[in-house]
């Protein structure tokens with residue numbers, strides 16, 4: 001289990017301005033430690049998804065540096081989970097999870113132990129041959145998570161992965177992802193606009209403000225893991241949620257104050 | 001231990017029962033109604049001939065057409081084979097050309113910008129108008145007909161497949177990029193399968209067009225009297241006022257078109273039924 005104190009990823013004064021002239025990010029400084037479960041929490045338009053895309057290398061920053069602490073990040077090291085399950089609709093669950101390995105030249109047969117293991121971890125054993133349309137929204141998201149984890153990445157980037165799911169399913173997946181995270185010790189950067197979700201999952205929350213997107217505040221969530229259903233109803237959780245919610249309100253209040261000027 | 005299943009009677013309310021009954025009637029009606037209408041139309045055709053005493057060389061009775069089809073089977077079916085060969089070959093070439101070109105288009109916007117207008121010009125110019133040129137430049141009869149049918153058939157495949165290749169979920173493209181997929185891997189594992197429903201839609205249209213192209217080409221070329229497909233049988237029968245054979249050839253062409261359409265629909269269903277919305281609806 002990593003100690004969550006050694007820096008793993010440092011964003012140094014990242015800025016992003018689109019060709020349209022919109023400034024999505026301005027001077028974003030952020031340190032993610034090895035083994036962190038960090039949430040990026042903010043209103044829509046605060047550039048949290050843009051930040052994630054820049055970290056993933058899907059988009060380049062206009063200014064600033066993405067510093068992986070000197071270690072050149074291989075493609076294996078990043079797992080990405082989108083808001084939508086983003087699966088190949090024609091491929092079976094097995095073949096969907098195989099995709100990242102297949103693109104790295106691993107044959108279907110060779111990939112078998114890895115795929116079987118990760119499918120078991122997300123409770124999808126027995127569904128190998130189903131195609132996405134035969135699965136529920138929650139199950140599709142599990143496939144997407146399995147696909148993100150099958151390469152054993154050091155960091156998992158998640159872009160509002162559970163936003164489209166119903167609450168019961170979301171709680172279940174919250175528990176599952178925490179379990180996986182504790183077991184495997186990878187680092188998570190989790191984009192969300194849900195205060196409750198971010199408090200339940202993270203050990204640190206970065207609250208962002210919008211127009212332009214920037215880091216507003218960082219909050220440690222000092223509640224011990226494992227966190228379970230009891231934690232969801234505890235006074236501590238309620239208190240942490242209130243704090244976080246206040247900070248988010250202030251982040252959004254600042255935005256309106258700016259607009260008035 | 002094998003257990004014996006006891007069929008439990010399912011309790012259904014009146015509304016649900018009505019719905020089931022309705023569905024059953026609709027399913028039977030979907031094939032029974034067209035059949036009844038068809039038989040009635042043929043019977044009416046026959047009656048009209050008899051009542052008005054129409055001579056055979058103007059409008060033959062259906063029975064006569066059927067006897068002609070059986071009597072002239074050797075001639076008609078060998079002609080059908082000629083037309084069918086042109087149709088299938090040109091369709092195959094249209095698939096190769098259409099898919100090949102659309103793949104080329106997605107590799108470079110510039111190639112698409114440069115070439116797509118030519119494809120449209122080729123499509124909008126009536127084939128009958130182009131044919132005299134082909135007739136001058138191409139000697140071989142089969143090549144002539146093939147070229148003609150190909151021009152008509154390839155455009156729907158090209159335009160549909162191009163659309164399909166460009167309609168891939170942006171996030172999936174990003175996902176492939178993130179995983180270091182090469183251009184070839186993205187094409188093979190993502191773009192081509194995603195374009196499949198569009199391609200198959202184009203193929204269904206192209207199948208019918210290839211047959212039309214083959215027949216039209218032969219019509220235009222047939223006046224030179226070198227071909228032996230169904231179209232030349234029709235022209236020949238027309239000259240000789242052999243209306244029964246004309247009808248028989250016409251029916252054969254139309255049956256061929258239907259069979260081609262059904263075959264391609266079936267292929268499309270096989271390829272898509274597990275995952276694509278368009279095929280799911282047909283299943284129910």
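Just so you know, the numbers here start at 1 and follow the chain as drawn.
Even glycines carry a Cβ here, placed using N, Cα and C.
For B:28-45, B:91-110, B:116-138, B:145-165, B:205-225, B:246-267, the entry in TrEMBL reads transmembrane segment. The feature domain 'ABC transmembrane type-1' is assigned by TrEMBL to B:80-264.
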Contact ranking winner - B:28-45, B:116-138, B:145-165, B:205-225, B:246-267 against the transmembrane segment (B:91-110), Cβ under 8 Å: B:145-165
Range from B:28-45, B:116-138, B:145-165, B:205-225 with most C-beta pairs under 8 A to the transmembrane segment (B:246-267): B:205-225
Intrachain neighbours beyond the transmembrane segment (B:205-225), with Cβ under 8 angstroms and 6 or more residues off its ends: 83, 86-88, 90-91, 94-95, 98, 127-128, 131-132, 135, 141, 144-145, 148-154, 156-157, 160, 231-232, 234-235, 253, 256-257, 260-261, 263-264
Distant-in-sequence neighbours of the transmembrane segment (B:145-165), which means Cβ under 8 A and at least six residues beyond its ends: 86-87, 89-91, 93-95, 97-99, 101-103, 105-106, 112, 116, 119-120, 122-123, 127, 130-131, 134, 138, 191-192, 194-199, 201-203, 205-207, 209-214, 216-218, 220-221, 227, 229
